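A.B. asks: Encoded as structure tokens, here's the structure I'll be asking about.
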Amino acid sequence: MKEIVIASNNQGKINDFKVIFPDYHVIGISELIPDFDVEETGSTFEENAILKSEAAAKALNKTVIADDSGLEVFALNGEPGIYSARYAGENKSDEANIEKLLNKLGNTTDRRAQFVCVISMSGPDMETKVFKGTVSGEIADGKYGENGFGYDPIFYVPKLDKTMAQLSKEQKGQISHRRNAINLLQAFLEGDKNV
């Protein structure tokens, strides 16, 4: 079985990759380097993904995939953006992040939002490649559903009439921002150099 190393300690992200790559042995970097951590000093999802994949590839001397992803709310000028995981502060829960976002959005009628995922792939003998995927939706007025993680309970997908947290893992795996970025990665790996 082929192996994919993900430069992330976020179990939710690793589980997403496992669903999307069922024919691969997906390994989170903490299984190989328990204390691996890269300070995300970039100002964009792309910069942070590259920081992680290049640091992990150098440390392991093998090809590694990293992603940086988050939620952008149009009425909040793209917040929480690259701060999605720590929107309510360092080491705060998903619940705290959701509460802050809903409070900040208030009764705003423009609730358009998008999840963004930038995947970078780095290795010892290759130039880093970057792939970006998005999924559009709206911020719900409250939390709905029990599945997923992060902002999934408040991210409403109009064409499905459900939040991401109301979707099965398989359904989410087919439409997610991560899936869209991975589609580009897969096309590249299969030889489409126009990606």
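A Cβ is built for glycine as well, from the same backbone N, Cα and C atoms used for every other residue.
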A.B. asks: Which candidate from SER53, SER69 does Swiss-Prot annotate alongside SER8, ASN9, ASN10, GLN11, GLY12, LYS13, PHE149, GLY150, TYR151, ASP152, LYS172, HIS177, ARG178 at the substrate binding site?
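C.D. replies: For substrate, Swiss-Prot names SER8, ASN9, ASN10, GLN11, GLY12, LYS13, PHE149, GLY150, TYR151, ASP152, LYS172, HIS177, ARG178; of SER53, SER69, the listed one is SER69.
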A.B. asks: How far apart, in Å, are the two Cα atoms that lie farthest from each other among SER8, ASN9, ASN10, GLN11, GLY12, LYS13, SER69, PHE149, GLY150, TYR151, ASP152, LYS172, HIS177, ARG178, the residues recorded as binding substrate?
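C.D. replies: Across SER8, ASN9, ASN10, GLN11, GLY12, LYS13, SER69, PHE149, GLY150, TYR151, ASP152, LYS172, HIS177, ARG178, the two farthest Cα atoms sit 20 Å apart.
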A.B. asks: Near the Cβ of ASP152 (substrate binding site), how many other Cβ atoms are there if near means within 10 Å?
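C.D. replies: For ASP152 (substrate binding site), the 10 Å Cβ neighbour count is 24.
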A.B. asks: If one measures from the C-alpha of GLU39 (Mg(2+) binding site) to the C-alpha of SER8 (substrate binding site), what distance in angstrom results, rounded to a whole number?
C.D. replies: 12
